[in-house]
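Per Swiss-Prot, these features apply:
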SIGNAL    1-16  signal peptide
CARBOHYD  33  N-linked glycosylation site
COILED    87-225  coiled coil
CARBOHYD  103  N-linked glycosylation site
CARBOHYD  187  N-linked glycosylation site
DOMAIN    226-478  domain 'Olfactomedin-like'
DISULFID  227-409  disulfide bond
CARBOHYD  288  N-linked glycosylation site
CARBOHYD  307  N-linked glycosylation site
CARBOHYD  394  N-linked glycosylation site
CARBOHYD  431  N-linked glycosylation site
CARBOHYD  473  N-linked glycosylation site
């Protein structure tokens with residue numbers, strides 16, 4: 001076969017492959033074979049549904065909503081794992097699709113240039129073939145004037161080229177098809193650009209602003225949800241069995257991310273050594289710990305670790321000490337004026353538990369009793385740096401009748417005992433200076449609670465119960481009005 005015929009064959013083969021690829025691959029690229037747009041509510045496209053991500057990990061999810069008898073909206077909202085707004089999945093797909101179409105458009109542009117060049121070559125050959133056909137007819141009419149050998153050569157050449165005439169016609173049709181594809185891709189690119197501008201403007205400008213505003217409102221809502229009214233206490237989880245009947249253990253609610261240390265203090269008086277475990281897992285499974293020696297022995301089980309310091313009541317005194325656990329130095333000491341000590345106003349179980357230090361979402365607290373308040377519980381909020389008393393509330397609940405106490409969101413909760421059947425039955429709200437009697441039972445698994453403290457970071461109660469270190473989860477009730485968001 002001659003070189004021109006080989007070239008035409010290659011071009012035709014390439015065109016067949018391109019035509020087949022365009023008919024099969026292009027619909028899948030633009031989503032025509034898998035995507036169906038539907039209108040919402042009477043033929044109007046629901047754009048808010050169309051552009052929001054379908055992945056629940058990338059969006060705020062409202063799983064249920066209702067109104068109570070007073071018309072307040074009650075809903076369950078699950079926040080995304082990442083705080084930053086991720087771009088819409090459909091818009092990303094649109095951007096990727098547009099890039100593919102643009103790449104395809106460039107490829108078709110190159111193919112079109114080659115096709116036009118080859119088409120010129122084919123048209124030239126077509127003219128040559130027509131000229132040969134005309135010349136052959138002339139030769140047939142005047143064959144007597146030519147030698148038989150020349151006649152046979154021309155006839156053979158014409159017979160070889162004649163079958164290519166319909167093929168060349170088909171090639172010209174394919175060239176028109178390529179041009180049509182080029183125009184359609186250009187139209188599709190234009191539509192996608194307009195769609196991207198429309199969706200992009202909504203998603204990355206208006207939608208981003210709306211989502212950012214929603215995030216701020218929900219973040220404020222979550223901060224409000226950090227506080228609530230205690231409505232339930234879970235069954236206990238025994239973390240470890242260790243030490244004597246009395247003691248305290250805790251984690252730092254202000255510890256930085258990754259700092260999961262556990263602090264352990266056995267006994268309730270005349271002891272100076274604090275154990276530090278690297279993590280809750282180490283605390284549960286090993287006896288590997290670092291020991292810190294305090295400059296003075298502690299009194300009771302009301303110690304707390306807060307922002308890297310341990311706060312404790314100095315033995316046989318009403319002095320509060322702030323001790324830095326990193327530098328192992330005393331940062332501050334201050335007397336808690338009029339507070340009873342040395343088993344004057346202890347909890348019902350005794351144990352020099354006159355002064356009980358606590359932390360909640362708002363900071364550091366001290367619970368104690370004074371003669372001036374007839375031995376009833378006094379609540380004071382302390383400055384965690386200076387230990388200065390910021391504000392004080394006098395309650396009417398006798399300190400010696402309380403089994404244990406803890407503070408959640410500025411509300412003091414008091415148990416009715418420390419052994420046997422136990423419940424939380426008194427609550428004093430410092431924000432309103434009011435109290436109420438409640439009935440929240442919880443399981444006293446080992447029949448002797450000598451320490452019960454709330455950790456606002458874990459939303460859990462830490463307890464020491466007859467030589468067992470225990471955790472309770474708490475349930476808080478929240479009411480957030482829409483005008484508060």
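Don't overthink the numbers, they just go from 1 along the chain as shown.
Placed from the backbone N, Cα and C atoms, the Cβ positions cover glycine too.
Features per Swiss-Prot, on structure.
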| residue | record | DSSP class |
| --- | --- | --- |
| 187 | N-linked glycosylation site | helix |
| 227 | disulfide bond | coil |
| 288 | N-linked glycosylation site | coil |
| 307 | N-linked glycosylation site | coil |
| 394 | N-linked glycosylation site | strand |
| 409 | disulfide bond | coil |
| 431 | N-linked glycosylation site | coil |
| 473 | N-linked glycosylation site | strand |
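Looking only at Cα atoms, residue 288 (N-linked glycosylation site) sits nearest to 473 among the glycosylation sites 187, 431, 473. Between residue 473 (N-linked glycosylation site) and residue 394 (N-linked glycosylation site), the C-alpha separation comes to 28 Å.
Put simply, of the recorded positions 187, 227, 307, 409, 431, the one whose Cα is nearest the Cα of residue 394 (N-linked glycosylation site) is 431. A distance of 9 Å separates the Cα atom of residue 431 (N-linked glycosylation site) from that of residue 409 (disulfide bond). Cβ contacts within 10 Å of residue 409 (disulfide bond), excluding its own Cβ and spanning all protein chains shown: 19.
Along the domain 'Olfactomedin-like' (226-478), the predicted structure has mean pLDDT 96. Calculated from their C-alpha atoms, the gap between residue 409 (disulfide bond) and residue 187 (N-linked glycosylation site) amounts to 62 Å. Taking CA atoms as the reference points, residue 227 (disulfide bond) and residue 187 (N-linked glycosylation site) are 57 Å apart. Here the C-alpha separation of residue 307 (N-linked glycosylation site) and residue 187 (N-linked glycosylation site) works out to 63 Å. When each of the glycosylation sites 307, 431, 473 is scored by how many other Cβ atoms sit within 10 Å of its Cβ, 431 comes out lowest.
When Cβ atoms from all protein chains are considered, those within 10 Å of residue 288 (N-linked glycosylation site) total 10, not counting its own. Across the glycosylation sites listed here (187, 394), the residue whose Cβ sits among the most other Cβ atoms within 10 Å is 394.
Cβ neighbours within 10 Å of residue 227 (disulfide bond), excluding its own Cβ and spanning all shown chains: 17.
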